[in-house]
Amino acid sequence: MKKIIIGNWKMNKTVSETRDFIQKFDIFYQENVGKIKEDLDFAIAPSFISLSLISKSLTKKLEIAAQNLSQFDSGAFTGEISGKMLQDLGTKYVIIGHSERREIFKEKDEELKNKILQAQKYDLIPVFCVGESLLEFEAGLTKKVIISQINAIKSVLNFQKAIIAYEPIWAIGTGKTATAAIAEKVCGLIKENFGKNTMVIYGGSVNSKNINELVSQKSIDGALVGGASLDPEEFGKILVNS
C-alpha cells in the first residue's frame, strides 16, 4: 500500500508565512526529489485562509488538505466552510474528528457522521482521527476506545476511500511518541477489525528522526504530522526519511 504524509498546521501561519513556507519547501523538494519515494503521497492542511496558496506550489505532488468542514451543505451557517467550497479549491483530504475538535469544540458522533457524509458527497477523502487519553491508555482501554470511536461512524464511512489516523491524545504536542511497537499494534488492530486494506496512519509528535521507524511497520501507512510540518526543511526531511 502507498504511504502518505499529511502536515496539520492547526491554527498557525499567516498568509505571508505560508507563502514563505511554500517557497522554501519547493527549493528543498527540488534539491532532494531523488531521495523521496516516487509513490509517496503528501499533503498540507493549512488554515482555511491559506488553502488556495498550497495549489501555487511548484511541487505538483503536494496536495491540499483541510483541517475541518461543515456538517451542513450550504446556507445560513455563519463562519462555516462547506465541502463544496473545499472541492472547488482543489482540496483532496479533510481531517475529521481530531481530538482537539472533540474536546475543545465538543464535536459529537452525530456531527462527525454528518461531516463524513459531506466530505464523501464532494469526493473529499476523510482523514478520521481516533485516539485514547493517557488515563485510558494506562488503564488498558486503548482497544475498547479505538474500536468504539470507529464503530460510531462506520455506518457512513467508505473505508476504501478514507484514512483512519490513530493519534493517541497523550502523544499530541507533548513530545511523547507512542513507540513504534505500540503504534503498530493499534494500527494493526484497526485493520483487523475494519479491513486489511483500510489505510491507517499514525499521528503524535512525529518528526524526521522517528518517521522511518514508524512507517516501516507493517500496519502503518503513513503519518499525520503536527508541529514538525511547520518547518519546510523538517517537513521535507520527513518525506525523505519516509
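Backbone N, Cα and C atoms are what each Cβ position is placed from, and that goes for glycine too.
Gly173 is the only one of Gly34, Gly173, Gly188 that Swiss-Prot places in the substrate site (with Asn8, Trp9, Lys10, Ser205, Gly226, Gly227).
The sparsest Cβ neighbourhood within 10 Å, among the listed binding-site residues (Gly173, Gly226, Gly227), is found at Gly173. Taking the centroid of the Cβ atoms of Asn8, Trp9, Lys10, Gly173, Ser205, Gly226, Gly227 as the substrate site, the other same-chain residues with Cβ within 8 Å of it are Ile172, Val225, Ala228, Ser229, Leu230. A distance of 13 Å separates the Cα atom of Trp9 (substrate binding site) from that of His98 (active site, electrophile).
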